[in-house]
Amino acid sequence: MPQDPNLYGQRPAKKQKRGTSLSTSLDFTAQLTSLISNAGSSAPTTGRSRPSKEQKSDIFRSTKASKSRTARDDGAKLVLKEVTGTEEETQELARARRKMEDKARLYAAMKRGDYVPKENEAEPLVDFDRKWAEKNEGKEGQYSDLSSSSDDDQEDDEASREVIEWDDEFGRRRRGTRAEKERMERRERRGLLGAEELERMSARPSAPGKLIYGDAIQSMAFNPEDPDKMEELARKRDRSATPPEMKHYDADREIRTKGVGFYKFSKDEAARTDEMRSLDEERRRTEAERKARDEAKEARRREIEQRRKDMSARRAQRQADSFLDGLTDGTA
């Protein structure tokens, strides 16, 4: 919204004041810039030019020259109805190509047997070994009428069809052709390679393979035939008494006299043995007295229970007699 220059009754000054005091070079530069801008704005404006008398070309009126020029332009340029090849379509195409390449690599790994399913992932539904065997059987049936190219091929086929026995990875006795044995060995090798690859790619480090679990005899720890080594081992041998001396708790090292149930045993082994024997006898006597007291309590409890039962029976008999007496009095 434009501002009124005569707002609040204040008219703009006809001549701008120009300061003559220029204290610094910065003030001089600012003053010079304002003078140049004012000189440019106060320049006289040019009037409107007269319209030309030449006739303008009508865009809606077609001429022969315009038609020929349009035809030449149409022949030189290619007009597309739909814009293709945008950045989004290029990214989508690259994304689809990457997905197809990943799927192709995964399928190739499955065919080779190198693919190992991840944790909580289902096994592949396609048995590529069986597929390969059926394919070879189909080829053999198709070309069974043709003669073999050489005697070596015949010998190889006969050797592959030969029935043999072998032990599998679980120690079971298997019976089958040599080709089946080789196929199972290839599958086992592929499984081992896949497990090694998975272990190598895992973030958790593998456990060392040279750890000793449980009891083990280190046969190379000493060599009886080397006297120097045996003498060195004898010097390093433990010289303590066998069996070791008896060691007991020393009550003098701690303040236990204020504790509850504390008993200070003697340091003499014989006196300590007598004290332990006396404590065992006291324990047996205490247990016997406790058992007798418990038996007396149980007998008293049974006696009280029997008295309670007798009193209940007498009370029931008395109530029955009183009820019968009431019946006889009513009939009389």
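Placed from the backbone N, Cα and C atoms, the Cβ positions cover glycine too.
Among the features that TrEMBL reports, compositional bias 'Polar residues' is placed at 37-49.
The compositional bias 'Basic and acidic residues' annotation in TrEMBL covers 51-61 (among others).
What TrEMBL lists as compositional bias 'Basic and acidic residues' is 70-80 (among others).
The feature compositional bias 'Basic and acidic residues' is assigned by TrEMBL to 92-142 (among others). Taking DSSP states H, G and I as helix and E and B as strand, the compositional bias 'Basic and acidic residues' (92-142) has 36 helix, 0 strand, 15 coil.
Residues annotated as compositional bias 'Acidic residues' in TrEMBL: 150-159.
Here TrEMBL flags 177-202 (among others) as compositional bias 'Basic and acidic residues'. Among residues of the same chain six or more beyond the compositional bias 'Basic and acidic residues' (177-202), those with a C-beta under 8 A of the stretch's C-beta atoms are 112-116, 129, 133, 159-164, 166, 168-169.
DSSP places the residues of the compositional bias 'Basic and acidic residues' (226-235) in helix, strand and coil in these numbers: 9 helix, 0 strand, 1 coil. Annotated compositional bias 'Basic and acidic residues' per TrEMBL: 226-235 (among others), in sequence order.
Positions annotated as compositional bias 'Basic and acidic residues' by TrEMBL: 245-257 (among others).
Among the features that TrEMBL reports, compositional bias 'Basic and acidic residues' is placed at 265-313 (among others).
According to TrEMBL, the feature region 'Disordered' maps to 1-24 (among others).
Under the heading region 'Disordered', TrEMBL lists 37-210 (among others).
If you look up TrEMBL, you'll see 222-332 (among others) marked as region 'Disordered'.
Remote same-chain residues near the compositional bias 'Basic and acidic residues' (245-257) are listed as 264-265, 267, 269, 272 (criterion: CB distance under 8 Å, separation of at least six residues from the stretch ends).
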